[in-house]
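Encoded as structure tokens, the structure appears first; notes follow it.
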Amino acid sequence: PFFVNRGGLPVDEPTWERMWRHVGRIHPDGERVARSIRGAADLPKIPIPSVPAFQPSTPIPERLEAVQRYIRELQYNHTGTQFFEIKKSRPLTGLMDLAKEMTKEALPIKCLEAVILGIYLTNNMTTLDRFPISFKTHFSGNYFRHIVLGVNFGGRYGALGISRREELMYKAPVFRTLSELIFDFEEAYRRCWHTLKKVKLGHCVSHDPHSVEQIEWKHSILDLDKLTREDFRKELERHARDMRLKIGKGTGPPSPTKDRKKDVSSPQRSQASPHRRNSRGDRRPSGEKKPADSKAMPDLNGYQIRV
């Protein structure tokens with residue numbers, strides 16, 4: 001049923017080609033079947049989830065619930081085929097273009113796609129801080145990875161995302177500290193017989209959909225095998241404090257945008273105030289504090305800026 005055009009909207013050819021290749025591997029006549037389904041005129045219309053729209057007076061918690069409902073309505077992708085190729089190194093503007101494509105095609109998604117979609121749908125909530133949270137767990141001799149979009153509104157933490165398990169995606173912004181949120185996820189994993197091994201925390205994501213910055217996915221990497229319970233809590237709160245300080249100070253230059261005019265040149269920086277850069281390799285491992293320098297500007301080699 002996932003291969004049927006939702007609402008009669010066509011899916012782009014590269015996406016269909018990926019579907020056909022996957023069907024062809026498990027069905028001897030898979031490509032013909034897929035084409036016959038795509039070309040059928042008597043199939044029932046599958047409703048397309050409506051992208052949530054908000055009034056200016058709508059409270060942020062209600063907006064987050066609406067965004068989560070939309071992500072849930074797209075459904076989890078159980079097909080084994082990745083419908084959208086997401087490269088974490090892409091600039092934010094490219095990922096937002098991909099999120100817009102997700103809303104048009106309305107295909108099932110997985111956890112990383114849900115994070116990108118969550119960023120896209122909350123870009124206009126400027127009082128909301130968004131940051132990625134990645135989990136690595138162990139169960140029955142195998143390791144599993146999952147990611148959600150952490151949110152902070154009014155000093156309360158929550159999360160957006162999608163998962164096979166209800167308790168491993170949406171968390172309403174009611175947690176007083178970041179450690180309370182992570183411990184709640186850890187308890188949810190424990191109920192699924194998974195042991196939490198690592199937590200990776202990124203920095204806050206820009207609200208500028210045209211930013212050519214990269215998302216910082218792994219600012220803090222916390223290895224639970226190397227940390228006591230109290231040290232784990234302290235590292236989580238240290239990361240939360242780092243995010244607050246970075247937002248409060250407003251460090252770093254404004255994000256360059258893809259619609260900036262070519263004939264407008266930036267004023268030259270004097271030697272007395274050099275532009276400081278931080279290496280993306282200076283990520284803070286477990287128990288090690290990272291100096292609060294300005295965030296590195298991304299390497300834009302190979303990325304073509306569109307005007």
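Note that Cβ sites are derived from N, Cα and C of the backbone, with glycine treated the same way.
TrEMBL has this to say about the protein:
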| type | residues | note |
| --- | --- | --- |
| ACT_SITE | C111 | active site |
| ACT_SITE | H146 | active site |
| ACT_SITE | S163 | active site |
| COMPBIAS | 279-293 | compositional bias 'Basic and acidic residues' |
| REGION | 241-307 | region 'Disordered' |
Quiz item: What is the total of other Cβ atoms whose distance to the Cβ of S163 (active site) is within 10 Å?
Solution: 18
Quiz item: Within the chain of C111 (active site), which residues six or more apart in sequence place their C-beta under 8 angstroms from its C-beta?
Solution: H146, I147, V148, G161, I162, S163, M169
Quiz prompt | Other C-beta atoms that fall within 10 angstroms of the C-beta of H146 (active site) | solution = 22
